[in-house]
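**Q** Pulled these from TrEMBL:
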type: ACT_SITE; residues: His540; note: active site
type: ACT_SITE; residues: Asp588; note: active site
type: ACT_SITE; residues: Glu597; note: active site
type: DOMAIN; residues: 154-610; note: domain 'Glycoside hydrolase family 9'
type: TRANSMEM; residues: 78-97; note: transmembrane segment
Amino acid sequence: MHSANHRGGSFEIYNGAAESTTDDEKSRNMEWDKAALQPQRHHLDETQQSWLLYRQETKKKKYVDFGCIACSHRALKWTLYAFVFAVLVILLPTVLAKTLPKRRSKPSPPDNYTLALHKALLFFNAQKCKSSQTLQLFISQSINWGAIDECGAAGKLPKNNGIPWREDSGLQDGNGSDFSKLGLVGGYYDAGDNTKFHFPMAFAMTMLSWSVIEYSQKYEAIDEYKHTRDLIKWGTDYLLLTFNSSASKIDKIYCQVGGSQNGSRQPDDHYCWQRPEDMDYPRPSRVVNAGSDLAGEMAAALAAASIVFRDDEVYSEKLVRGAETVYAFARDLGKRQPYSRGKPYIEPFYNSTGYYDEFIWGATWLYYATGNINYIRWATEPGFSKHSKALYRISELSVLSWDNKLPAAMLLLTRCRIFLNPGYPYEEMLHMYHNKTELNMCSYLQQFNVFNWTKGGMIQLSRGRPQPLQYVANTAFLASLFVDYLNATRVPGFQCGSKFVPLDVLRSFATSQINYILGDNPMKMSYVVGYGTKFPRHIHHRGASIPNDKRRYSCTGGWKWRDSPKPNPNNITGAMVGGPDRFDRFRDVRKNYNFTEPTLAGNAGLVAALSSLTSSGGIGIDKNRMFSAVPPLYPPSPPPPPAWKP
């Protein structure tokens, strides 16, 4: 092969002064075409000149041609700058954020309501009538009766109960009960005595469940969700023992364990001052064959708890069946009377004034638990409203308590109207309940002068009667919850007559009342034991006032601790006491139970109010959990108008 310039020219320019070559080289050169060796005389084209002679200077273009688009140099330059800037500002920080090790920021400190809520829940641990594992095993239908000791209890109290001065107690309660071998072991003591009153106990469980359903995200955020569910289950497991929960129809309910009569001089829960662990006097179990109020409240407690335990299908269904059974007992025409009527062991302590409010209350919870429209029909039954005086302007009926459920029931039904709007045929009654709920909220505000207020800022919902704080806590919960209902629908306020009330005003009422309980009062004292630095130290409570010194004190041997001027040796953390008088005065005296005795129902209202006000876990309610069993409502067409007659 020979190297050649295929364009027709040589690779070198001939100048006629080539050096002499050898003979071999000359002979080889003779073979080439002589014409090809002659210098070319024609003009080189522009391309050739650029190759051979010099670099041609070309005119700089003012734009860049991309084929489909032309772009000026300046625009291209700024585009590239913008791209680089975007990479540095957006992409680079993102990459660094994902690749660099993360530092966990410290969580914000809990607010005062969260701190108080932790403590308020502990009160329920202190009130447990215990032998823990027996109750759980019985309810699960897997109890090993061979493991029961001679006292009738299997297992011991869990170590995580959090109350070191409490031990197993009440192991003989309900011996002879015809519903189970377990009897009536478990549940909660009501207050500072050792009596188990089932009516206020059921109300307390309903309130705890209600707060968990509405504010489960808050309980989870403060790590109290499991604890509170355990407290609820402890109560509902016990309530299932108080009647034949395996039957579809019942004829009696156990309403109380223990108790006493006023002025009694016989050993009983009031005459004796003993720790529950040391009780050795008779504790009779009281049974009723009629009592729509008790049965209606128990139905509400079991139905509300079934929503809390929706994730446990077997247990939730057991609760629903029990709720339906006791509600059928409540509606039985032959059972319609207050459970406390003619009962000297009950009337002086938890006397019920009626049962139609429990009809509405229980039916509403059963509707939410089952979706059965029969319950919403009963909840909106005009006859129940009439007999309960729900729509009357009676200020006392706007105050929620263990005896009066009307304001809570109407708020629950208002929830149904706000979020579900079921329409005909329920709309008329729901609308009236909604209006009455707004009137209730108006009555709580000081500017409308419905209730008296102390100079220190506490609303007197009990009309000056003792133990006012339980009513204050319940009302603060209702007000705060109503605000959250309206906030969820972006409604900024409500009407009080001709005056529009913003939601902030009602929320301020709720916070002011809870702040009063927590120490913003003339006494500068927290009425929740263990919260703050100044709180009551002489609580009217047998277990808290007697030292846990491994000694057993007799019925009257404990009187010295009752009468002692010294502070209680055991702090019953989280207990909300009865509260001050109408002049904001408080006497920290153990024997004066009106000031210093806590109750199960009172603390349940406090827990509910605190859960609604804490900012932990965000603000607002869980709008849908309450309705998880409610099917879509398609209202039937209204009846046709009557035929025209000439």
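Glycine residues also receive a Cβ, built from the backbone N, Cα and C atoms like all the rest.
Note that TrEMBL annotation is computational and uncurated.
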**Q** Mind telling me which of the active-site residues His540, Asp588, Glu597 has the densest Cβ neighbourhood, counting other Cβ atoms within 10 Å?
**A** His540
**Q** What is the pLDDT of the domain 'Glycoside hydrolase family 9' (154-610) when averaged and given as a whole number?
**A** 94
**Q** Can you grab the distance from His540 (active site) over to Glu597 (active site)? Cα atoms, rounded to a whole Å.
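**A** If we compare the Cα positions of His540 (active site) and Glu597 (active site), the gap is 5 Å.
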**Q** Give me the CA-CA distance between Glu597 (active site) and Asp588 (active site), in Å, as a whole number.
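**A** The separation of the Cα atoms works out to 10 Å.
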